[in-house]
Amino acid sequence: MNVEVGVSSADLDTDPLLTASVDQPHSSQPDEQQPVASPMTPPEITQKVNLMGMSRAQLEQFFLDIGEKKFRAGQVMKWIHQFFVTDFAQMSNISGKLREKLERICEIRGPEVVHRNYSKDGTRKWVFRVGDGAGSLVETVLIPADDKTGARKTLCISSQVGCALDCSFCSTGKQGFQRDLTPDEIIGQLWMANYSYMEEVEIAERERTVTNVVMMGMGEPLLNYNAVLSSMQIMLDDFAYGMSKRRVTLSTSGVVPKIDQLAQDIDVALAISLHAPNDELRNELVPINKKYPLAQLIAACQRYIAKDGNESSRKHVTIEYVMLEGVNDKPEHAQQMIKLLKNLPSKINLIPFNPFPHAPYERSSRNRTISFQKTLSDAGFVCTIRQTRGDDIDAACGQLVGQVADRTRRAAQWKKTVEERDVIIRTSGDID
Ligand code: SF4
């Protein structure tokens, strides 16, 4: 799922999604981009075992396999994810002999940072290179709460390089799908976001800064299920980030069978990229709807909540709805939403669309968005409007990577379509 930076005007304490964002481009500010070397990433790929993305169970098995006690797993996890230490020599509660052994056969490595932008409003954005050679690029955005304390910091994490689902309003979709991210590349985004706040701080004084995570960056997380599940387990683990389950949210476009599997495997908050209140329109905006239509999707959400409805993380589903002028923002669409969601405990988040180059849509007017919100609020729904954040650093997911990594067939196809459209416009005399 691809989201854009924003904070709604209400419910700031309870909904981490309100600080995350939809995939759309902003104007880039090249002079504010800071190419950097990752503090933890040697440029060459080694054959060593990377411990960054291992869950506690996997680490315990790893230590057993190398003839060590499994309690070492918890110790090492704390060093990696609580003290942000990547050098085994600094792990002072582990014997010198074991440290040397780990040094020889293991490494702690996340994705390499190639750009980082810090906004005036506190939003931070990183572009990571993943994989070998020229690699692929993914984006991660951290959004501080738009309140006086700024205490809540929500990180929007990517799960894939590009995306196969090709939602028509999404710039990441136009890049096509390149590959799934590995667990170390997913959890490495959280590691790096925290580390960026404490690079100058002594180990003993280091504290985690990211308070909320949304799996809502580039890609569809439920199509990279195992890696995403493993990463979320590390987020919840007390030996790692120890995050509350209601502060970890997975956002999906609606991969119905995987929603049911998720309900069995882990307890986190669920968000749905809805964007349309009827099948005909959703087939156009979110093509996966042709495979899993709305009736199936809503039923899966109801099952997800029913699985453990007393737990705070599953009291409701968050509904994301990007507002597209004249497309999905009419009064009848609001009425259809009311009907569609009447039996699903949900909070609705209206997202102003940020057009990307040659996007086929425009942002709904403020008046129309407020009117849409009022209709839903009057019907009893909690409905907020997301406010954009990080505009000065191009903080919306997908855009910068889209500019840098335009290399797939779909990207080429999109470019061709745009060029053809431009020719038609020019020959019809609409522009000079
Ligand atoms: S194309 Fe992929 S990343 Fe973009 S909105 Fe659809 S599912 Fe999310």
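Just so you know, glycine gets a Cβ as well, placed from its N, Cα and C.
Listed features, source TrEMBL:
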{"type": "ACT_SITE", "residues": "E139", "note": "active site, proton acceptor"}
{"type": "ACT_SITE", "residues": "C397", "note": "active site, S-methylcysteine intermediate"}
{"type": "BINDING", "residues": "C163, C167, C170", "note": "[4Fe-4S] cluster binding site"}
{"type": "BINDING", "residues": "G219, E220, S251, S273, L274, H275, N354", "note": "S-adenosyl-L-methionine binding site"}
{"type": "COMPBIAS", "residues": "21-36", "note": "compositional bias 'Polar residues'"}
{"type": "DOMAIN", "residues": "149-392", "note": "domain 'Radical SAM core'"}
{"type": "REGION", "residues": "1-43", "note": "region 'Disordered'"}
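Features recorded in TrEMBL, as mapped to the structure shown.
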residue	record	DSSP (3 states)
C163	[4Fe-4S] cluster binding site	coil
C170	[4Fe-4S] cluster binding site	coil
G219	S-adenosyl-L-methionine binding site	coil
S251	S-adenosyl-L-methionine binding site	strand
S273	S-adenosyl-L-methionine binding site	strand
N354	S-adenosyl-L-methionine binding site	coil
Among E139, C163, C167, C170, the recorded positions whose C-beta sits under 6 Å from ligand 1: C163, C167, C170
Distance in Å spanning the most remote Cα pair of G219, E220, S251, S273, L274, H275, N354, given for S-adenosyl-L-methionine: 20
Mean of the pLDDT scores, which run from 0 to 100, over the domain 'Radical SAM core' (149-392): 91
Around the Cβ of S251 (S-adenosyl-L-methionine binding site), the count of other Cβ atoms that are within 10 Å: 26
Cα distance (Å, whole number) from the residue listed as 'active site, proton acceptor' to L274 (S-adenosyl-L-methionine binding site): 22
Nearest-integer angstrom distance between the alpha carbons (Cα) of S251 (S-adenosyl-L-methionine binding site) and C167 ([4Fe-4S] cluster binding site): 14
Distance [Cα-Cα, Å, rounded] between C167 ([4Fe-4S] cluster binding site) and G219 (S-adenosyl-L-methionine binding site): 11
Shortest C-alpha distance to C163 ([4Fe-4S] cluster binding site) - which of the recorded positions E139, G219, H275: G219
Least surrounded among the binding-site residues, given as S273, N354, when other CB atoms within 10 Å are counted: N354
Spatial separation of N354 (S-adenosyl-L-methionine binding site) from E139 (active site, proton acceptor) - C-alpha basis, Å: 17
Between C170 ([4Fe-4S] cluster binding site) and N354 (S-adenosyl-L-methionine binding site), the C-alpha gap once rounded to whole angstrom: 10
